Amino acid sequence: MSKIEVLLADDNREFVSLLEEYISSQYDMNVIGVAYNGNEVVRLLQERVPDVLILDIIMPHLDGLAVLEQIQAMRLSPQPKIIMLTAFGQEEITKKAVELGAAYYILKPFDMEVLAQRIRQIITTKPASSFVTSVKPQSTLQVRGRNLDASITSIIHEIGVPAHIKGYLYLREAITMVYNDVELLGSITKVLYPDIAKKFNTTASHVERAIR
């Protein structure tokens, strides 16, 4: 079975780097390109059409909605399945994105594991043109509270962990898991590290080394 080809588009380079690392770690996914503005998205789509496009709503030059309009005009075949990302849950924008072909609309911050699940779902379900009709703005996904995500980011920055190193992503996941289940602190090497390793398709020892 061939891997799901994913194109990432977001103007936050740090976020894109984390997203690329996580998706690339999935056994059935491959990141074929990244774009930091709307024009780059259109150019990359002209060169190669991905199975799934992860598209941020707010970007320079062309915003996410303008990119969706461009995609419609390009008449790509096959059409990529599109997951929209945004930090704002405005209903009118959500409706417009769905009308223009978005299959899912996800609010930041979100759990990357859930995003991976959504990618698999839209690939294995009906074509996007049919699937979009069942998507409603009210179903916008908010996985984690913004305050929690902001607090975790602040903590990691205070510790001095650079965002580009591999341990950064593992550390974020560890803090989130412990926040949701403090008892994990009593079984860090036996449960916490192995659970993180499963999510990133690596080993517990690798997770431990990267965090340390």
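Heads up, the Cβ atoms here are built off N, Cα and C, so glycines get one too.
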> In Swiss-Prot, which of 23-41, 80-98, 194-212 is labelled DNA-binding region?
Replying inline: 194-212
> Per Swiss-Prot, what member of ASP56, ASP63 joins ASP10, ASP11 in binding Ca(2+) at one site?
Replying inline: ASP56
> With every protein chain in view, how many other Cβ atoms are within 10 Å of the Cβ of ASP10 (Ca(2+) binding site)?
Replying inline: 23
> Roughly where does the DNA-binding region (194-212) sit in mean pLDDT, to the nearest integer?
Replying inline: 86
>> Let's check the environment of ASP56 (Ca(2+) binding site): how many other CB atoms sit within 10 Å of its CB?
In response: 25
